[in-house]
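A.B. asks: Annotated active site, acceptor per TrEMBL: K184, in sequence order. Annotated active site, proton donor/acceptor per TrEMBL: H322, in sequence order. Marked as substrate binding site by TrEMBL: N19, N53, K100, Y156, K182, E239, E265, H322. Summarising the annotation, TrEMBL assigns Mg(2+) binding site to D213, E239, E265. Residues or ranges marked as domain 'Mandelate racemase/muconate lactonizing enzyme C-terminal' by TrEMBL: 163-260. What TrEMBL records for D292 is site 'Increases basicity of active site His'.
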Amino acid sequence: MRITKITHSEAPIASKISNAVIDFSRMTISIVAVHSDLVVDGEPVVGYGFHSNGRYAQSGLLATRILPRVEEAPPEQLLDPATGIIDPVRVQRVVMANEKPGGHGDRAVAAGTLDMAMWDLAAKAAGKPLYRLLHERYGRGGQPASSVWVYAAGGYYHPEKPLQGLRDEIRGYLDTGYRDVKIKIGGASLKEDLERIETVLGVLPSGSRLAVDANGRFDVGEALRYAWALSDYDLLWYEEPCDPLDYQTHAVVADEFDGTLATGENLFSVPDVRNLRRYAGLRPHRDVLQMDPSLSYGIPEYVGMLRELAAGGWSPERFCPHGGNQINLALAGAFGLGGCESYPMVFEPFGGFAESTPVTGGYVGLPEEPGLGVELKPALRDLLHDRL
Ligand SMILES: O=C([O-])CC(=O)C(=O)O
Ligand SMILES: [Mg+2]
């Protein structure tokens, strides 16, 4: 097997929504296709990758550093010698050659995007769904999960969607099989945010739970003011109360807030999560970790994060990756994670899962087709085919 070419482009995922710190009016993502000379059913096998919302497209980094390294590498540096199939872990070493430690920003996103495409390609070449390939490679025996808990992430601030719009949105999630939901906080006054929370709680049936996400907006005082107010509700979790790298503030909030805290979507490396483990005061039996491989160098780094946190007593059930896309579903199935995010109505066509596996009772099944499964989402497949 040989890589014949790698193509990349940008796709818009712009919308009128805002969280507490950014609006998505100019949001873009990178998309990548790794073409190979392997032919299955008369078609050359292609691996596709993209990254989650929240970070912009990484065209420059892909074009000038990441892709040339792979294109120039001899095949033996990229292939598994045992199978002759592309080995994403080897590819990652090639990608990270001549990169210094630290500064895990946009470079992590560019690498994570290519990594997704490499795993899609490797799984298609092996004729296996990605979650099974990952379970075989990294699992500790047993079986992968057959379904995964997912929650509907939305509840953004929308200029044309006050409380009635929020109510309708949440009802839409419940009607399409979701049980638990997440909304934004921190982009309005505490009073308005509490109205939003009470509006959603008024719609949720018993057994459904609400998470809230401040997107890292608050300083320590505001994070605590919200923590005390949120303590009155039985929330699923309170997410990113403060800057993702401000471990001291996490520790202060964790000390005061008896509910579940969630964070990690903006931690992009093993050293960052090591510091979280050491200094953020989070509670391995209560809190939730949301690192997202497509933003953070990809699956090899994610596996390192799981190991790093296991040393601090964190089990895979406490992990619930950000991103709402199929790579995180595959990870959750393979590693027995607690679940993963979903964006059923925003960030289309990148959010959500295969049409053949609808969400029921808050759980989604894992498709058995080879690869990541982008072909099982026709709108996503068509976009990737058209642009790459
Ligand atoms: O609004 C965003 O940037 C996405 C986000 O935090 C989430 O999905 O948890
Ligand atoms: Mg978040």
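Glycine too: its Cβ is placed from the backbone N, Cα and C atoms.
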A.B. asks: List the recorded positions N19, K100, Y156, K182, K184 whose Cβ sits under 6 Å from any atom of ligand 1, in sequence order.
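C.D. replies: Going through N19, K100, Y156, K182, K184 in sequence order, those close to ligand 1 turn out to be N19.
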A.B. asks: According to DSSP, does H322 (active site, proton donor/acceptor) fall in a helix, a strand, or coil?
C.D. replies: coil
A.B. asks: Is any of N19, N53, K100, K182, K184, D292 (recorded positions) within Cβ reach of ligand 2, i.e. under 6 A, and which?
C.D. replies: none
A.B. asks: Just the number: how many Å between the Cα atoms of H322 (active site, proton donor/acceptor) and D292 (site 'Increases basicity of active site His')?
C.D. replies: 5
A.B. asks: Counting by DSSP, what is the helix, strand and coil composition of the domain 'Mandelate racemase/muconate lactonizing enzyme C-terminal' (163-260)?
C.D. replies: 48 helix, 13 strand, 37 coil
A.B. asks: Would you mind checking how many other C-beta atoms are within 10 angstroms of the C-beta on K184 (active site, acceptor)?
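C.D. replies: The Cβ of K184 (active site, acceptor) has 26 Cβ neighbours within 10 Å.
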A.B. asks: Please report the number of other Cβ atoms within 10 Å of the Cβ of K100 (substrate binding site).
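C.D. replies: So the Cβ neighbour count for K100 (substrate binding site) comes to 5.
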A.B. asks: Near Y156 (substrate binding site), which residues of its chain come within a Cβ-Cβ distance under 8 Å, counting only those 6 or more away in sequence?
C.D. replies: I17, S18, N19, F24, I183, K184, V346
A.B. asks: Using DSSP with the three-state reduction, classify K100 (substrate binding site) as helix, strand or coil.
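C.D. replies: SS state of K100 (substrate binding site) = coil.
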